[in-house]
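Worksheet: the structure to be examined is printed underneath.
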Amino acid sequence: MCGIVGILARDTVAPQLVEGLKRLEYRGYDSAGVATLDHGRIVRRRAEGKLRNLEAALAAAPLAGRSGIGHTRWATHGAPTEANAHPHATETVAVVHNGIIENFRELRDELTAQGAAFTSQTDTEVVAHLVSHALAAGATPRLAVQQALKRLRGAFALAFLFAGEDDLLIGARRGSPLALGHGDGEVYLGSDAVALAPFTDEITYLEDGDWVALTRDSVEIFDEAGALVERETVRSSVASVVVDKGAHRHFMSKEIAEQPEVVGHTLVRFIDMTSGRVRLPAGGDFDFSGLDRLAISACGTAYYAGLVARYWFEKFARLPVDIDIASEFRYREPPLTPGGLALMISQSGETADTLATLRHCRAQGMKIGAVVNVPTSTIAREADVVFPTVAGVEVGVASTKAFTCQLAVLAALAIKAGRDRKVLSEEDEAKLVASLIELPRLMAETLRLEPQIEKLAQTFSKALDVLYLGRGTSYPIALEGALKLKEISYIHAEGYAAGELKHGPIALVDENVPVVVLAPYDALFEKTASNMQEVAARGGRIVLITDREGAGHAGDTLATIVVPDSYAFVSPLIYAIPVQLLAYHTAVFMGTDVDQPRNLAKSVTVE
Ligand code: F6R
């Protein structure tokens, strides 16, 4: 799950490689490295940790050469050390890799027996030795790569640089994405168009199984069978600017603050503001009336957005929803209805498990819808119908604005489904849409609670465990609150359905465990309030997040956070904000790396 770039430049290439890698750090930041050709010889700089360490290494000892490859790593095989950092190289070839070579052990044993000396614990190094071996036996670089690819099992995108070949780069993809860019006397390879945006907007996406041989003035693409093929070149709309933090200390804080605006932008794509009716974007229209069921699949935070949507589709459209964590979906072997709709939710559009689920559903004859934030992503390109979120670039590894934008899209889709299936009247639609239109204002008001939440975060930073409780659509928000806290503050946290607490987890409650209760004053409030009393009776310290009416019935709490009153339908988008802020400020108190927490990556492209 790493980022790769390759460039045949007109001038010194190392700064360009770093420029591309900056835009790929979201795919991993355990180590980074580049290799270039200096008078035909492969030379490398590699560094453990973030890209800035590699930049420092290059500043201290710059690399010459106009041709090169680069990598930013999320460790799968082998610790995040310099020795395991890519590019991996022999005298004759250097390679960068995103993905996993599943049969690397067997290949490593075979190559070791033939005399190859391995210097890392990675799966990638076998690729360098395989190609090197073929070159030593007299194969051309093209043939050597072709032979090596035949030996590899797993998912990968690869870029190769060859000693003595200043005008040649070879790339290959199977499972993991790879794009190529066309410049003025320069050519580029990259994990996505974002990496190549500083250099070109003319992009060709390789298809699964393709490999490509690039020189400065020629591009030859071959399919898996080795036949020369043409792939369309498109103009990418990805902006080349590196997004900055503005006045914020972290991207996450900026992205939380942007939510009223980006949710507004997203809603405008799905709602006709003048008529107050749902209107799906052009190319994203879909009729839900003929469906028996809806299958939703996603990972992490996006999965929690799907959990909220299940309540909405079932209530407003009487449409039964099956929802799965994407990494589990295929193993459950659910019976799928050909012609049915499978809905994938993904910020990056590159999550390997979600993509594998998409392909599985497609193979079963289902139609594929995608709620996706990156329009050029693989999931967006492979879906039949795209329902775009307009969150803009999300840099913070912990997803915030993409989540609320996903909820906004799913809310609009649930209303559309309710109308298509004749469950909602025109009047119902108008009411629900009116509550969506109010959202940006209510979200902006909720953000004003930040100073109160910041104070509370000091208490949370001393906790070892935190529980989050909610009922109905507040339950997935409790799960999301717990996920946000653990991923950026490293404090253990769990989200529970409030009614489930007494079936086990209440044993964890004592005066050291803060319990965050999400309870809008709706039809479920009384029941959640009883669960709150059960916690209080055992010395638990409650933080209640509720509205004005709920606060009046709060009883004894450590703190009560009062969010603006809203229609119950839209409360998940409002209650998401205090839990995001609580996680953020707790992490800031603890001094963790908020935007790039340990062990994580923004885009998870391995299964
Ligand atoms: C948590 C988080 C992850 C992602 C998950 C899916 O804050 O960001 O749980 O939600 O990895 O990623 P996408 O949405 O890119 O498919």
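The backbone N, Cα and C atoms fix where each Cβ goes, and this holds for glycine too.
Unlike curated records, TrEMBL annotations are generated automatically.
Because the structure is a prediction, the values reported are computed rather than measured.
For 2-217, the entry in TrEMBL reads domain 'Glutamine amidotransferase type-2'.
In the three-state DSSP classification, Cys2 (active site, nucleophile) falls within coil. Remark: Cys2 (active site, nucleophile) has Leu24, Arg27, Gly28, His71, Thr72, Arg73, Trp74, His86, Val96, His97, Asn98, Ser191 as non-local neighbours, by Cβ distance under 8 Å and separation of at least 6 in sequence. Summarising the annotation, TrEMBL assigns active site, nucleophile to Cys2.
Residue counts for the domain 'SIS' (282-423) under DSSP (helix as H, G, I; strand as E, B; rest coil) come to 62 helix, 26 strand, 54 coil. The domain 'SIS' annotation in TrEMBL covers 282-423 (among others).
Residues annotated as domain 'SIS' in TrEMBL: 456-597 (among others).
What TrEMBL records for Lys602 is active site, for Fru-6P isomerization activity. Around Lys602 (active site, for Fru-6P isomerization activity), a 10 Å sphere centred on its CB holds 23 further CB atoms from the protein chains shown.
When DSSP labels each residue, the domain 'SIS' (456-597) comes out as 71 helix, 27 strand, 44 coil, counted as helix, strand and coil in that order.
The average pLDDT computed over the domain 'Glutamine amidotransferase type-2' (2-217) stands at 95.
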